[in-house]
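Since the structure comes first, as structure tokens, the remarks are kept for the end.
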Amino acid sequence: MEQGNPARCRKARTVRTPKTIEEKLTENISADQADNATYTASTSAAEQETAAHTENTQAATKQNDTARPEQGTVEETHAAAAATAPETAAEKGEENGIKFTDLGLDPRVLSALEEVGYEKPSPIQEQTIPLLLDGKDVVGLAQTGTGKTAAFALPALSRMAELADINGVSRDTQVLVLAPTRELALQVAEAFSSYATHMEDFTVLPIYGGSPYGPQLAGLRRGAQVVVGTPGRVIDHLNKGSLDLSNLQYLVLDEADEMLRMGFAEDVETILEGTPDAKQVALFSATMPSSIRKIAQQYLNDPTEVRVKTKTTTGANIRQRYMQVTHSHKLDAMTRVLEVENYDGIIVFVRTKKETEEVADKLKARGFQAAAINGDIPQQLRERTVDALRDGRIDILVATDVAARGLDVERISLVVNYDIPHDTESYVHRIGRTGRAGRDGEAILFVTPRERYMLRQIEKATRQKVEPMRMPTAQDVNANRKQRFAEQITTTIETEDLDFFRQIIQDYENEHDITAEDIAAALAVIAQQGRAFFLDEDEDIAHASRPFTDDGDRPRKNKGKKQFNNEGMVDYKLNVGRSARVSASAIVGALANEGGIKGSQIGSIDIRQHFTIVGLPQDLPRDFFERLRDTKIAGEFINIRKDNGPRGGGSRGGRGGFRNDRGGYERRGGGYREGRNSRDDRRGGRGGYKGGGHGGKRY
């Protein structure tokens, strides 16, 4: 991966090692400068969502006591036993295994990992990262969801950071990742971005078919160190000359077997043949058919094979459900579930140590008996906390994956994945905390809209369907509170000696001429200590937890013709119509993906012969028109602008262009002229890469 290294024979190449990089650092930078230059980088805040958005890793690993061979086959075997089986001593000792800090990653990458809560590498990461850092080619055999994205992204970014210290920041494309689908390309690109938050002037650009070329071409012209793309679109850009791979240092084939199954074999080989010999290659595949082995033999240089068997079996006595919920509503969703459903002991998994304390404190503030455990808590306190859960003194334990490793408490009947796990193996380990000793258990997974890809990976890896569930409504919670209040009254009357307080109430009733009903109501208010007894049903948030359909979208209420409410909408005119064979779905895709709005925000679409009228919200994003300025549909620039004409037939506007008075852009003679009220911001799409690569995500 070293920039500027000489060409070499494919079967006998010289590998650059971290030691060589250190020597070059000594040659080019003084000791004082090295201390500063190596460990300091200006940063820009990366977008975070719960994550996302993205393939992340924090799975605990089994410690391999045998020496790892430098070449040949490296096998990491994990028992595929059911999650309900008692844990072995090795599993209970996993928390003492290696951490990311032991693998030789660059400090800037480690800082990013710490911020997103990653502590321990998964098996594929533990085996692969040192090999890639040593410059070796690797063939990784691992299922989806095992953390393979981080396995190749982390060492690639580490070497890029070190090379930037030596040669300065380069805008050349140094890393190319080939992925079979748009969804995986976006996922990998987002992962690279999250791991590179402390790298200076870094850009990742996803390129894939089905999206306009304009933003991708602009991003490639500006320069992107990492390009993630589907084979077909990568070939297109190579043919156009817009993608230059002459300085490529690192090539990854992700889900190679899937790419070949989809018919990309010829494209993949064409790309491989057009890249420099002096590059490092990593190939990841769930299976090793002869076609994959042929590519490995022909295009990889003496690769080391890493084979990982993962634990993906879940107990049949564990009911698995998921709830689609935004990050801001997670706490409300969990407390509502805890109120309306009966559970014994509960363990709640979050991503970071800080979150364990925050979530536990918020649960206690809402009246739940909760405590936190994480890696910073002393072992003695951890044992006391677990004993309290076991004895029933607390009901809820909020934990990280590492802190909960080896935890075996029979009364745990519910596992809540408050934050989605980084990989499928972590998911299996998590829900294995319930359903112990043959008892039934429940597992609930919170999924944000950007994390639905991980839900599919969990179902694929475990070969089990995770049932959708809805957030309990305010009406459900209120009915349950009323019933529980009545049950508490009945239980107290039946089990407690009330004579003392009965006499006090009778005396008060006689002295103040107040009815017993009013006195009881006043005592109930006192017991509430200022807390509202009922939730406000007029401001219910349960509608936000609608489950996904099979294609990832939320279900629609009816299957008939969609009815649009155009209240608060503004008509806009697009310069494409039936004559260009444009479809409504293409218009929605362009406006949503390139404009940065949701498809549900788009109103009625009236496709005419030479133009289209679309209803859009009044409060469009400020950069909406800027993002659409180069967008084409069916090969035609859409030239979106506000429509001031009638809905009647006939073409409106002259052929030479159009006048835009409200923030659109005017295209004449190959250029653009801003409307008089537009913002003068021509930086293009540096703000992100959603929906087709608006110039890449930059730091």
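Cβ coordinates come from backbone N, Cα and C, glycine included.
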Any idea which of 98-126, 330-358, 359-387 is down as motif 'Q motif' in TrEMBL? 98-126
Summarise the model confidence on the motif 'Q motif' (98-126) as a single mean pLDDT, whole number. 89
DSSP assigns the residues of the domain 'DEAD-box RNA helicase Q' (98-126) as 16 helix, 0 strand, 13 coil
